[in-house]
Amino acid sequence: MKILILIASMVSWGISNPLADLAITQFSPLLLSLIECTVGFLFIAIVTFIRRSKPQIPWRLVVPIGIMQPGLAWLLGNTGYTHETASTGVLILTGETLFTVLIGVFWLGDRLTNKQWFYFLLGMFGVVVASATGIHLDATSTSIYFVLSAVLFGIYANILRKHLSEYSPVDLALGQTLVSVVFLGVFYLISEQNVPTDVSTHIWMSAVLSGLFGVGLPFVAFNYALQNLPGRITGPSLNIIPIAGVAASIALGRGAPTVAQLVGGVIVIASVALISQKEKGALMTEREIAALEREGREAGRMTLGGLDQTTDTPTWKTGPNINKPYTYGGDMDEEPRV
């Protein structure tokens, strides 16, 4: 169920990308980001009201991560869409996977076996194939905004796992979106931008739905998944986003995928499934080894660390039991037989 919730959040995020790409044609990046975060906040506020529980929000951490995600990350991404296509943005934003996994490895101590690294790289290759459009892969000056957005996501995801795992995903999402609305709203007032009056209805609907599918729904689901799944699963699962984005592009009449893109989608889904499998016979951590040694001592078993390294005398001769050497399950203190 946890993995299904994670996949649902990835699909929702994927759908929001072509919607944002459509809305950015008539909205400024700042205004579109404000609309998306406001819609997301209202949705999560309704969910909170239905739950009838008082939100427990650690504002000391929620304020900075709310500014970071979705606030600043969405602003950077929408700025990138001003001169890039949806597929290009989705492709670059897949770097969220790399940053999430790598930061988890080096900061939180997550481990990947050689086989899992291979699956991870295979998944990244699948993303490149699935998101390729052939004529829209030329880099432009706005590509860097997607990269910066991906970096912010990787940092945010690991902060959530490390410091906020005990809080409700709904409460965290409520606090984050509220902070982002205030942050973007103040930024919008300072910039003195005007709300466009000649925006068509379908563009407004695209902006609202982008906020629902890009902020409201996935933030609750993804926050829950981050708290309950390791980075080796949540990170590579982000590869699902471009696949959902391609499917949404078809539904919106913005281009059908090629055979190569379909093949890439299969590779991505397969890599997510493979890297999520638990390795058999995985190496133990120092904490696990120490726990086993402690259990061994409590059970009265001899361990290598407990042997006397200063003498060549057999250990069994130094104990009270002088009749037989120690064997597993034997009693070192039993009385000598007559």
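Keep in mind that glycine also has a Cβ here, set from the backbone N, Cα and C atoms.
TrEMBL annotations: computationally assigned, not manually curated.
For 308-321, the entry in TrEMBL reads compositional bias 'Polar residues'.
Model confidence over the domain 'EamA' (3-131) stands at 83, taken as the mean pLDDT rounded to a whole number. Positions annotated as domain 'EamA' by TrEMBL: 3-131 (among others).
The domain 'EamA' annotation in TrEMBL covers 143-276 (among others).
As annotated by TrEMBL, region 'Disordered' applies to 300-338.
Annotated transmembrane segment per TrEMBL: 30-50 (among others), in sequence order.
Residues or ranges marked as transmembrane segment by TrEMBL: 57-77 (among others).
Taken from TrEMBL, the feature transmembrane segment applies to 89-108 (among others).
The feature transmembrane segment is assigned by TrEMBL to 117-137 (among others).
As annotated by TrEMBL, transmembrane segment applies to 143-160 (among others).
Taken from TrEMBL, the feature transmembrane segment covers 172-191 (among others). Remote same-chain residues near the transmembrane segment (172-191) are listed as 30-31, 33-34, 37-38, 40-41, 44-45, 48, 55, 57-59, 62-63, 65-67, 69-72, 74-75, 160, 164, 215-216, 219-220, 223 (criterion: CB distance under 8 Å, separation of at least six residues from the stretch ends).
Counting residues 6+ beyond its ends, the transmembrane segment (203-226) has Cβ neighbours under 8 Å at 2-3, 5-6, 8-10, 12-13, 15-17, 19-20, 22-23, 25-27, 32, 35-44, 47, 70, 74, 157, 160-161, 165, 169-170, 172-173, 176-177, 234, 237 in the same chain. TrEMBL lists 203-226 (among others) with the feature transmembrane segment.
TrEMBL lists 233-252 (among others) with the feature transmembrane segment.
As annotated by TrEMBL, transmembrane segment applies to 258-275 (among others).
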Counting only pairs 6 or more apart in sequence, are there at least 3 Cβ pairs under 8 Å between the transmembrane segment (143-160) and the transmembrane segment (57-77)?
yes
Counting by DSSP, what is the helix, strand and coil composition of the domain 'EamA' (3-131)?
106 helix, 0 strand, 23 coil
